[in-house]
There are 2 protein chains.
Amino acid sequence: MFSELHPFMDYALVLAKKAELQGEVPVGAVLVYNDKIILENHNKMRQNNNPLAHAELLLLQEAYSFLKTYYLSQCSLFVTLEPCGMCATAVALSRLKAVYFGAYDPKHGGIEHGARVFDKEQNFFKPKTVVAGVRAYHCENILKNFFSYRRG
Amino acid sequence: MFSELHPFMDYALVLAKKAELQGEVPVGAVLVYNDKIILENHNKMRQNNNPLAHAELLLLQEAYSFLKTYYLSQCSLFVTLEPCGMCATAVALSRLKAVYFGAYDPKHGGIEHGARVFDKEQNFFKPKTVVAGVRAYHCENILKNFFSYRRG
C-alpha cells in the first residue's frame, strides 16, 4: 500500500534535508492535490525566529493565500514527522482529507501521542485517512543524525 | 482574585464586539506584558478567508514579529473563549506564563475539553497559570447573541 506514497514522502524528505542545511530541525512537508504536489515547505523556526514556524502550519497558511478556498478538503498532507497538537488541529480545522506522516514523535506528537487530536469525540472534522510510518526509517534517520551531530 | 483581571478581559470583550461588527465569530484576545496590554487581535477567519485565523494564533504570530524574542515567557494571554487545540498548543510552544479565558467551549476547546493540551505528560512547556471563566457571563453572551441572530 505504501509504495505509491513514496514519491510524495521522498520529496518531503528532500525538503527536510534542505531544512537541515539551513540549520533547522529537519522536517519537510508537501500538500498534494489531484495526485500532484502543489505546495511545499519545511521547518523555519530558526530563520523566522518563531517557535510556531512548523513545516505543516507554514504550508497550510500558504495554501490559504494560494488556493483562495476556505477549506482544503481535496488536499492531502505528507510530512516527515508526526504533527504536533497545533498542526494536527490545524489539519482538522482545514478539513484535509488525508495525512501521511513518517517518523513518530513521542515527545511532541499530537496524533499518536499526547493530545491525540483525531481521537477526540468533539464535533469537528478529522481526516478520513491517517497513515503513520511512511518512509519512517529515512524520516527518523535524518532527525537522529541532526541531533547527534548537534550534541556531538 | 478575578477583580484585577477584569480590565484585560474587558478589553478582550471590546475586541470580540469589534469582530462581531465585522461579521466574525466574536472572540477577542490581548497579550499582557508587565501589566500592560502590548498586542490585541480578534477572530478574522472570514475576512482572511482562513479557518486558522483565530484571535490567539494571530496575536502570537504578531508577537513574534513585534517583540523579536524567541519565546513569550514573560507574557500572559487573555482570550474571551477557551482556546482550541491549535491555539492551546501554540501557547505551550510559545511558553506563555499564563492564560486566562472567559467562556468554555465544549465543542472546540482544547484546554478543559477535547485534546486537553495542558494535561498531557509530554515534555513540553505548559503555562504556570491557567484560569477559566473570567467574565464568563459576558464572554458567553456575546457568542450566544451572535449565533442566535445568525440562526434567527
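Heads up, residue numbers simply count up from 1 along the chain you see.
Any Cβ shown, glycine's included, is placed from N, Cα and C.
When secondary structure is read from DSSP and collapsed to three states, B:GLU56 (active site, proton donor) falls in the helix class. Residue density at B:GLU56 (active site, proton donor): 28 other Cβ atoms are found within 10 A of its Cβ, drawing on all protein chains shown. According to TrEMBL, the feature active site, proton donor maps to B:GLU56.
In this structure, B:CYS87 (Zn(2+) binding site) is part of a helix by DSSP. Long-range Cβ proximity for B:CYS87 (Zn(2+) binding site), meaning a same-chain Cβ under 8 A and a gap of 6 or more residues, is found for B:HIS54, B:GLU56, B:LEU57, B:VAL79, B:GLY110. For B:HIS54, B:CYS84, B:CYS87, the entry in TrEMBL reads Zn(2+) binding site.
Annotated domain 'CMP/dCMP-type deaminase' per TrEMBL: B:3-113, in sequence order. In this model, the domain 'CMP/dCMP-type deaminase' (B:3-113) carries an average pLDDT of 95.
With all protein chains in the displayed structure included, the most crowded Cβ environment within 10 Å among the binding-site residues B:HIS54, B:CYS84 is that of B:CYS84.
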